[in-house]
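A.B. asks: Found this in TrEMBL, in case it helps:
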type	residues	note
DOMAIN	47-341	domain 'Plant heme peroxidase family profile'
DISULFID	CYS57-CYS137	disulfide bond
BINDING	ASP89, VAL92, GLY94, ASP96, SER98, GLU110	Ca(2+) 1 binding site
DISULFID	CYS90-CYS95	disulfide bond
DISULFID	CYS143-CYS337	disulfide bond
BINDING	HIS215	heme b binding site
DISULFID	CYS222-CYS248	disulfide bond
BINDING	ASP261, THR264, ASP269	Ca(2+) 2 binding site
Amino acid sequence: ILHLLNIYSYFLASYIIHTFQMVTTSNNSFVAIFSLLLLSSMQCHAQLSSTFYDRTCPTALTTIRTSIRQAVSSERRMAASLIRLHFHDCFVQGCDASILLDETPTIVSEKTALPNLGSARGYGIIDDAKRELEKTCPGIVSCADILAVASRDASTLVGGPSWTVKLGRRDSTTASHTLAETDLPGPFDPLDRIVSGFANKGLSTRDMVALSGAHSIGQAQCFLFRDRIYSNGTDIDAGFASTRRRQCPQEDQNGNLAPLDLVTPNQLDNNYYKNLIQRKGLLQSDQVLLSGGSTDSIVTEYSNNPRTFASDFAAAMIKMGDISPLTGQNGIIRTVCGAIN
């Protein structure tokens, strides 16, 4: 309905402008200003809507879910990768599928940025979903929306919360390797940098702690947590560090994987926060959430109340999906997610 209203509003605005021009030909400059203001107002009020594809592609959500279900059934870890892919997309240029663009003579891909190189996964899953959608609804569903829906479906398929995904994003024609290098939070970042990084994207400290709960699933490479498990620091459980050292020697084996949550590694739940209470956060950027700072109370709350965590995680994912989307006439609908049409 909203999509149809936007179309109706456009033609209505055009009619009003045309009529106004006819009756005010003596003041052309005023007409031009009025026209620009009216059309600008329409663009500013373009909004995402959960019903965006109801008429143009009613099978969109079920088609995406089928692809995601198949992928997660084959490999549970893929759920974490798909959620991370949406997160890494939104934190760069906004939720515009720029992370999916391949390298070309004119595009320096975000895929080769350090936070993504050798670790971002799931591109083929999104491509598969897009390919199926192009068979039934060619040129309708954006890759950015597929990413948003895929992250929700991935969450529910591993026991995490569900939420209503707002739709209507369009795809970018550019990528930003530079922003991918600077704007994505890192595994060694101190708490103040993590908080400010999320704040720069319009996300609160509570949003940040909730979204960090995605580390209840997935795995990390040895080189990302090596310093922590060999530090003999007071912020890490000695037994936990010893266990992790078995598969992560002090030298070599950089790519060896360890689950971010030892207890329920394939279940999106609040065990992540319980691990932090026990000083068993795998990454330094995880454990800093419980380090005597402003986020301690939120970690404690989530560790004690799984429903609160689930609710806040869903709300934060919706909020993250609202970061600078391309709507209206901005951007394009890519036919293939890795390339510009």
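Heads up, residue numbers simply count up from 1 along the chain you see.
Backbone N, Cα and C define each Cβ position, glycine as well.
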A.B. asks: Write down the Cα-Cα distance for ASP89 (Ca(2+) 1 binding site) and CYS95 (disulfide bond), rounded and given in Å.
C.D. replies: 6
A.B. asks: Within the same chain, and leaving aside ASP261, THR264, ASP269, name every residue whose CB is within 8 angstroms of the centroid of the CB atoms belonging to the recorded Ca(2+) 2 site, in sequence order.
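C.D. replies: Going along the sequence, the neighbours appear as SER216, ILE217, VAL263, PRO265, ASN266, GLN267, LEU268, ASN270, ASN271, TYR272.
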A.B. asks: ASP261 (Ca(2+) 2 binding site) to the residue listed as 'heme b binding site': how many Å between their Cα atoms?
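C.D. replies: That comes out at 7 Å between the alpha carbons.
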A.B. asks: I'm checking region-level scores; what's the whole-number mean pLDDT for the domain 'Plant heme peroxidase family profile' (47-341)?
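C.D. replies: Per the prediction, mean pLDDT sits at 97 for the domain 'Plant heme peroxidase family profile' (47-341).
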A.B. asks: Measure from the Cα of ASP269 (Ca(2+) 2 binding site) to the Cα of every one of the recorded positions VAL92, GLU110, CYS222, CYS248, CYS337, then give the nearest.
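C.D. replies: Going through VAL92, GLU110, CYS222, CYS248, CYS337 one by one, the closest to ASP269 (Ca(2+) 2 binding site) is CYS222.
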A.B. asks: In whole Å, how far does the CA atom of SER98 (Ca(2+) 1 binding site) lie from that of CYS90 (disulfide bond)?
C.D. replies: 9
A.B. asks: Counting other CB atoms within 10 A of each CB, which of the recorded positions CYS90, VAL92, CYS143, CYS337 comes out lowest?
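C.D. replies: Output over recorded positions CYS90, VAL92, CYS143, CYS337: least Cβ neighbours within 10 Å is CYS337.
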A.B. asks: Measure from the Cα of VAL92 (Ca(2+) 1 binding site) to the Cα of every one of the recorded positions CYS57, CYS143, HIS215, CYS248, THR264, then give the nearest.
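C.D. replies: Going through CYS57, CYS143, HIS215, CYS248, THR264 one by one, the Cα closest to that of VAL92 (Ca(2+) 1 binding site) is CYS143.
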A.B. asks: Highest CB neighbour count within 10 A among the binding-site residues ASP89, ASP261?
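C.D. replies: In terms of Cβ crowding, the pick is ASP89.
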A.B. asks: At a 10 Å cut-off from the C-beta of SER98 (Ca(2+) 1 binding site), count the other C-beta atoms across all protein chains.
C.D. replies: 28
A.B. asks: In the structure shown, which of the disulfide-bonded residues CYS95, CYS137 has the fewest Cβ neighbours within 10 Å?
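C.D. replies: Least crowded of the disulfide-bonded residues CYS95, CYS137, by Cβ count within 10 Å, is CYS137.
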